[in-house]
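This report refers to the structure that appears directly beneath it.
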Amino acid sequence: MNNLLLVPVLAPFLIGTILILFKSYPTVQRWISAVTALVMLGFSFYITYVVYVDGIQTVELGGWAPPFGIVLVADLFASLMVILSSIVGVVCLFFAFQTISKEREKFYFYPFYMYLLAGVHGAFLTGDLFNLFVFFEVMLIASYILIVHGGTKYQLRESFKYVVINVFASIFFIVGIAYIYGITGTLNMADIAVRVAEIEQTGVLNAIAVLFLVVFGMKGALFPLYFWLPNSYFGPPSAIAALFGGLLTKVGIYAIIRTFTLIFVHDPGFTHNLILILAGGTMFFGVLGAVAQFDFKRILSFHIISQVGYMALGLGLYSQLAIAGAIYYIAHHIIVKSALFLFCGATEKITGTTDLKKMSGLLKSYPVLGWLFLVSAISLAGIPPLSGFFSKFALILNGIEQERYFIVFISLIVGLLTLFSMMKIFIYVFWGEESLEEKDKNKPIMPLLAPILPLVALTIILGIGAEPIFAFSMEVANQLLEPSEYINSVLKE
Amino acid sequence: MELLMILLIGIIFSVSTYLILTNSLLRVIFGIIMLSHGAHLLLLTLSGFNEGAPPLLGEEASVYADPLPQALILTAIVISFGVTAFLLVLGYKTYKAHETDKLDKLRGHADE
C-alpha cells in the first residue's frame, strides 16, 4: 500500500481542472503547469527509487482487496515509463511556451495537456484491464482535442480519421474485455494471468490474444495498422507532435508488452512469432515511407512507425536480453524522437516551413542547432557511442543467438535506411547554400534550444553510460519475465 | 436468450460495419455509435445472464447476480457518449470547413 502512486495520475488531473479557471491568464497557466510538471518528474523518480529498493508497490483504491477492487501497480517497467513520460511532459511543455500561439493558449491548451499526462500515467500504472481501457480513453480524448486544436482545414480532415480509427480500436478493446471476462470472470490482470495459466492458453484464448494485439497494435501503430499516424501527426504544432511522437504509440507498446509478458505467455510459439512478423513489417514499411517523403515532420512521423517495430521485435524474441533491449530502446526512442520533433519545431519557427526543398544552409546562421540535430539524428540511426546503438545492438545480438537471421537482416537494412533519411534531412536543411532572408538570420534561438538541450544530453548520457543503464534494463526485463513476482504482490499471496 | 442476443449483436456489428465503410461522414459516426452499443451488449451477454438476487449486502440468497458487468457497461456507455458528442461536433466542423461530407473528397493529397 503506497499512496504515492496516485500522485502521477491525480496531480495532473486536478491541476488541469484548476487551470480551466485561469482561461484568460496564460501566464498563470504557464507557471502552474510548469511547476506541476516539474514536481511530477521529481515524484516519478522517487517512485522508481522506492520500487527499486522495496519491490513492487500497489495501491488498492477504497481498500477493496484485489481481485475485486481497482488497483494501481508500479513495477520497475511501469515506473520507468512514468519517468520517461514525465521528462517528455516537462520538455514539451517548456517548448510549447515558446511556440504555441496565444489563441491556442487561451483555448484550454494546458488543461488538456495535463489530462493527457494523467491518462498516460494512469495507463502505465493501472493493474486492471478495464481501467486500462478507461485511462486509454482519458488519454485519447485529450489527444483528440490536442490534435485538432487550432482547427485548420487540414487538422479537421485528418483528425476525423484519427478519432474514428481510435474509437473503433477502443470499441474492440471492450469486445476483448467482454471475451476475457466471459472466460476468466475477472479483470484484474494478475488474476487473469493466474486463471489463464490454470485453463491453459489454447484455442479461444489465442484468439483473444490476437484481438488484444490488434487493438493495442492499432494504438501503437504496428504493421499493418499504422496508416493513420503520419497524416494525423503532421497537422498539430511541433510541441504537440513531439509529445504524441514520444508518448502515445508507446502506451500501445507498453500495453502489448504488459499483456504478452503477464497474461498470454503460455503459447509463445504462436503469439510471439506473430509479434515478430508484425515487427518486421512495421520496421520495413515504416522506413520505406520515411525514405519516400520530402517533409521534415512526415519523415519523423514515419520513423516512429519503423521504430515501434524494434520494440515489438524485442518482445517477439522473448528473452531477457531482447526485452532489455526493447526497454532500452523505448527509453532511447522517447527521448530522441521528442528531441527531433522539437528540432523540427525550431526550424519551422526560423524558416516558416517544414518542406525540405524550401530550405537549405541553416548551418551558417545557426551552427549549434545544426550540430545538435546531427547528434540526435545519428543517435536515432544507431551510430555508437550514442544511445540508439546499444539498444539495437542487444536486439540484433539476441536475434543472431536465436538464429532468426531474416529479422536481423531486416533490422540492419532498416538501420541503414534510417541513417539515409536522417542524412537527407540534415543535408537539405542545414547543408548547402544559405537560403534565409536577412530578417531570419539572427533570430534568438536559445529559448527554443533550452528545452531540447536536456534531451540531447540524455541521449548522450544513455549512450556513454550504457553499462549501468543496460544493467537496469536487464533487471526490468527480469521482472517482466518472472510474472509471479507481479502476481504475488498484487494478490498478496 | 444468449443465442438470441448473440444473433442480435452479430446483426448490429454487420450493420455498423456497413455504415462505417460508406462514403458519408454522418453515416460513419452512426456506424461508430451502433458498434459501441453492440460491444456493450456483448459485454452484458458474455458475462452471463445468471438469475440471482440483486447483490445487496446482508441479504440471504443462494445466488447473487454479478454486479460488475453492469458497472463496466455504465462506464463504457458514459465514455462512448462523450466520444460520440465529440465526434458529432468534429464531423460538423469538418463539414463546415470543407463544405462536403463525402469521405472520398476528404482524402487529401500527397503534395500538400
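Glycine is no exception: its Cβ is also placed from the backbone N, Cα and C atoms.
Curation plays no part in TrEMBL annotations; they are all automatic predictions.
According to TrEMBL, the domain 'NADH:quinone oxidoreductase/Mrp antiporter transmembrane' annotation covers A:127-418.
Annotation source TrEMBL lists transmembrane segment at A:6-22 (among others). Tertiary proximity for the transmembrane segment (A:6-22) is limited to same-chain residues at least six positions away from its ends with a CB under 8 Å from its CB atoms, namely 28-29, 32-33, 36, 39-40, 43-44, 47, 59, 72, 82, 86, 108, 110-115, 117-118, 121-122, 125.
Here TrEMBL flags A:31-52 (among others) as transmembrane segment.
Long-range Cβ contacts of the transmembrane segment (A:64-95) within its own chain (Cβ-Cβ under 8 Å, at least 6 residues beyond either end) map to 2, 5-6, 8-9, 33-34, 37-38, 40-41, 44-45, 47-48, 51-52, 56-58, 113, 117, 120-121, 124-128, 131, 186-188, 190-191, 238-240, 242-243, 246-247, 250, 254, 257-258, 327, 330-331, 334-335, 338, 342, 345, 448, 450-452, 454-455, 458, 472, 475-476, 479-480, 485-486, 489-492. What TrEMBL records for A:64-95 (among others) is transmembrane segment.
What TrEMBL records for A:107-124 (among others) is transmembrane segment. Note on the transmembrane segment (A:107-124): residues 8-13, 15-17, 19-20, 23, 29-30, 32-33, 36-37, 40, 78, 81-82, 85-86, 89, 93, 96, 100, 131-132, 134-143, 145-146, 149, 243, 247-248, 251, 254-255 of its chain, located 6 or more positions outside it, place their CB under 8 angstroms from a CB of the stretch.
The annotation transmembrane segment is assigned in TrEMBL to A:130-150 (among others). Beyond the transmembrane segment (A:130-150), the same-chain residues lying 6 or more positions past its ends with a Cβ under 8 Å from any Cβ of the stretch are 70, 101, 103-104, 107-109, 112-113, 115-116, 118-120, 122-123, 156, 159, 162-163, 166, 170, 173-174, 177, 187, 189, 219, 232, 235-237, 240, 243-244, 248, 251, 255.
Long-range contacts of the transmembrane segment (A:204-229) within its own chain (CB-CB distance under 8 A, at least 6 residues past either end) are made by residues 136, 161-162, 165-166, 168-170, 172-173, 175-176, 179-180, 183, 196, 248-253, 255-256, 259-260, 263-264, 267, 270-271, 274-275, 278-282, 285-286, 301, 304-305, 308-309, 312. The transmembrane segment annotation in TrEMBL covers A:204-229 (among others).
Among the features that TrEMBL reports, transmembrane segment is placed at A:241-264 (among others).
Among the features that TrEMBL reports, transmembrane segment is placed at A:270-292 (among others). Counting residues 6+ beyond its ends, the transmembrane segment (A:270-292) has Cβ neighbours under 8 Å at 206, 209-210, 213, 217, 221-224, 226, 230, 256, 260, 264, 298-299, 302-310, 312-313, 315-318, 404, 406-407, 410-411, 413-414, 417-418, 420-421 in the same chain.
Packing against the transmembrane segment (A:299-320) from elsewhere in the chain are residues 220-223, 226, 229-230, 233-234, 241, 245, 249-250, 253, 256-257, 260-261, 268, 272-273, 275-287, 289-290, 293, 326-327, 329-330, 333, 337, 340-341, 344, 380, 391-392, 395, 398-399, 401-402, 404, 407, 411, 414, 418, 421-422, 424-425, 474, 477-478, 481: each is 6 or more residues past its ends and has a CB under 8 Å from a CB in it. As annotated by TrEMBL, transmembrane segment applies to A:299-320 (among others).
Sequence annotations record features per position, and here TrEMBL assigns transmembrane segment to A:326-347 (among others).
For A:368-386 (among others), the entry in TrEMBL reads transmembrane segment. The list of residues near the transmembrane segment (A:368-386) in space but at least 6 beyond its ends in sequence, with Cβ under 8 angstroms from a Cβ of it, reads 303, 307, 332, 336-337, 339-340, 343, 346-347, 362, 392, 415, 418-419, 422-423, 425-426, 429-430, 445, 449, 452-453, 455-456, 459-460, 462-464, 466.
Feature annotation from TrEMBL assigns transmembrane segment to A:452-474 (among others).
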Using a Cβ cut-off under 8 Å, which residues of the same chain at least 6 positions beyond either end of the transmembrane segment (A:241-264) come close to it?
77, 81, 84-85, 88-89, 91-92, 95, 113, 116, 120, 123-124, 132, 136, 139, 143, 146-147, 189-190, 192-193, 196, 201, 205-206, 208-209, 212-213, 216-222, 229, 233-234, 271-272, 275, 297, 300-301, 304, 308, 311-312, 315, 323, 326, 330, 333-335, 337-339, 341-342, 344-345, 480-481, 483, 486-487
Sequence-remote contacts (6 or more beyond its ends) of the transmembrane segment (A:452-474), Cβ cut-off under 8 Å?
76, 87, 91, 95, 320-321, 324-325, 327-328, 331-332, 335-336, 338-339, 342-343, 346, 372, 375-376, 379, 384-390, 394
